[in-house]
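Here is what Swiss-Prot says about this protein:
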REGION    1-268  region 'Amidoligase domain'
BINDING   S14, K189, T190, K191, P192, T193, Q194, K225  UTP binding site
BINDING   S14, D149, I150, E151, K189, T190, K191, P192, T193, Q194, K225  CTP binding site
BINDING   S15, I16, G17, K18, G19, I20, D72  ATP binding site
BINDING   Y55, G355, L383, G384, M385, Q386, E406, R464  L-glutamine binding site
BINDING   D72, E142  Mg(2+) binding site
DOMAIN    293-536  domain 'Glutamine amidotransferase type-1'
ACT_SITE  H509  active site
ACT_SITE  E511  active site
Amino acid sequence: MSTKYIFVTGGVVSSIGKGIVAASLGRLLKNRGLKVTIQKFDPYINIDPGTMSPYQHGEVFVTDDGAETDLDLGHYERFIDINLNKYSNVTTGKIYSEVLRKERKGEYLGATVQVIPHITDALKDKIKRAARTTDSDVIITEVGGTVGDIESLPFLEALRQMKADVGADNVMYIHTTLLPYLKAAGEMKTKPTQHSVKELRGLGIQPNMLVIRTEQPVGQNIKNKLAQFCDVAPEAVIESLDVEHLYQIPLNLQAQKMDQIVCDHLKLDVPVADMTEWSAMVEKVMNLKKQVHIALVGKYVELPDAYISVVEALKHAGYANNAEVKIDWIDANRVTAENVAELLGSADGIIVPGGFGQRGTEGKIQAIRYAREQDVPMLGICLGMQLTCVEFARHVLELADANSAELNPDTPYPIIDLMRDQIDVEDLGGTLRLGLYPSKLKHGSKAAAAYDHQEVVQRRHRHRYEFNNDFREQFEAAGFVFSGVSPDNRLVEIVEIPENKFFVACQYHPELSSRPNRPEGLYTAFITAAVEKSSER
C-alpha cells in the first residue's frame, strides 16, 4: 500500500486546536489498524524551541532520541500512544541550516540556491523520511501558524507539490478554522473561514475537509453554506465544539464520520475504529469520585502551557486513583519562609517541576522544606530534584551556603555541579543531556515500588547539571536515599526520604512518558499518596 499523506493547516487565528484535531484523527486511524506517525512543521527561524522562553513557546517536549520539540508532540504521543523522533518536528531554522550546510559543501554543484526547489525539496524530504523511518501507512503533518503568514509560504508550497509527487489519491488537505459567534447579532459568521480558504486556494491548495472550531453547535445550514463557498462536500465540514475534556474530541469526530471520510478519500479499505476502550476511559474521566488538590510551585505559572505535560501526567495519575486533580498554581517568586504555610497549607501534595535560572529557586526551596518537614507528599522534577538536594544540604546537613553551581558558581558547597562532558560546551542550544537514558532502581525503595519493582526504567532527560557525588556519603549518612542511579553508578537519577509518606524527586522528566490510559509510575504513586492525605483531612 502506498503511504498516505494528510496535511492539517489552520486559518483565521493561531492556537485554534490544529494539534488536537491532528492527534485525534491519528488515534482514530490507529484504531482502524493503520500504522500512523505524525509531525509538526513550525515556521519560526529558531533551530528548535530549546532556547526559547517558555513565555514565548510553552513547554519544550523531548523525544526518545533527544530532540527538543514543540509541545504539540506531547499531544500527539498522548493521544495516539506512539513515541516520536527527531523527524517529527521541523522548523524553518532547521531546514535553512541544512540547505546552507549543503551549499557550503558544494552539494548543489554551483546552482543558485532558492526557496523553490531547494527549501521545498528539503521540506518534502522531511515528510517522506518521517514516514519511511517509521514504516507508517499514514503520516499526518500539521503546519503551525495560520495561512497567510509570510513564514508559512515555503511550507505550504511544499504541501502543494506533494500532491503531484505522490498522487491525488495519496494526499488529503484538512483546514481548521474558527467560526466566531457574534452574541450581539446572535449568529455565526462564516466570512473569516471563506477568506481563509480563499487564501489557501490562492496558494494552490484546495482543502478536502474543513474542521470548524466553535463554541456553539453548528447547524446544517451553516455547514451547507461553508461547503458551497469553500468547495468541499457538506459531510466534510466537521464541527469541533468546545468540550469539558480533551479526550472527548476523538469520539466527537468519529461521530461525524471524520475518519471514514478520510479513509474514503485516501481509498483505505480498513475496519471501523474500535473506540470501546477509549470511550470507557472518557466515561471514567467524566465521573471521577474523589478530588485532590496539588500545589504546583513553578516559575512560569502565568502560562500553564509551560507545564502542559506535567498537568496532563497529574490528570492521568488522578484517573488511576479515581480522583480529579485540582491544581493550585503557586508562583515560586512569591513563596517565602513567612508565607509558605499559608500558600501551601491546603495542598494534598506539592510538585516542583523543572526550570532554568536563579529566579524563583529560593521559593521552590522553601516549598520543598515545607513538604519535608510537614510530611506533605512531594514530587520534584529535574531542577526540582536538584533543589531537593540543596534544601536537604542546607537544613539537615547544615551546610548553610549550599547551592547549585548553576545558581551560584562561587558556592563553597556545590551540591549540584556541571556534568563533566558539559565543561567545554559553549553553545546553549541542543547541548544538554537529552533523550532516553536508563535508571537503575534501589530494591525496596519507594521509586522501585512506583515502577512495579523493575530493576531498570528508561525515561527522558533534559539537563546540564547533576548531583555532586563528593557529597553522596554525607547525604546517605543522614538518611537521604539515592534510589535511582545510572547503570555505571555515576549519575544520580532519583532521590527520596523513606520516612516521609512520599518525598521523591527525579532528575529526568517522567511526565513525558505518561499516557491517559497508562499513567507514569512516579506520578501515580505521588497522587496515590496525595489522595491518602486528602482522606485524612
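Keep in mind that glycine also has a Cβ here, set from the backbone N, Cα and C atoms.
For the recorded site, E142 (Mg(2+) binding site), the DSSP three-state label reads strand.
For Q194 (UTP binding site), the nearest neighbour among the binding-site residues G17, D72, G384, M385, Q386, judged by Cα separation, is G17. Remark: M385 (L-glutamine binding site) has I494, V495, A505, C506, Q507 as non-local neighbours, by Cβ distance under 8 Å and separation of at least 6 in sequence. The recorded positions K225, H509 differ in how many other CB atoms lie within 10 Å of their CB, and the one with the most is H509. A count of other CB atoms within 10 A of each Cβ picks out E511 as the most crowded of the recorded positions D72, E511. Scoring each of the binding-site residues (I16, I20, I150, L383) by how many neighbouring Cβ atoms lie within 10 Å, the top position goes to L383. With every protein chain in view, the residue among the binding-site residues T193, Q194 whose Cβ has the most Cβ partners within 10 Å turns out to be T193. Mean pLDDT for the domain 'Glutamine amidotransferase type-1' (293-536) in the predicted structure: 94. For T193 (UTP binding site), the nearest of the binding-site residues by C-alpha distance turns out to be K18; the candidates were K18, D72, G384.
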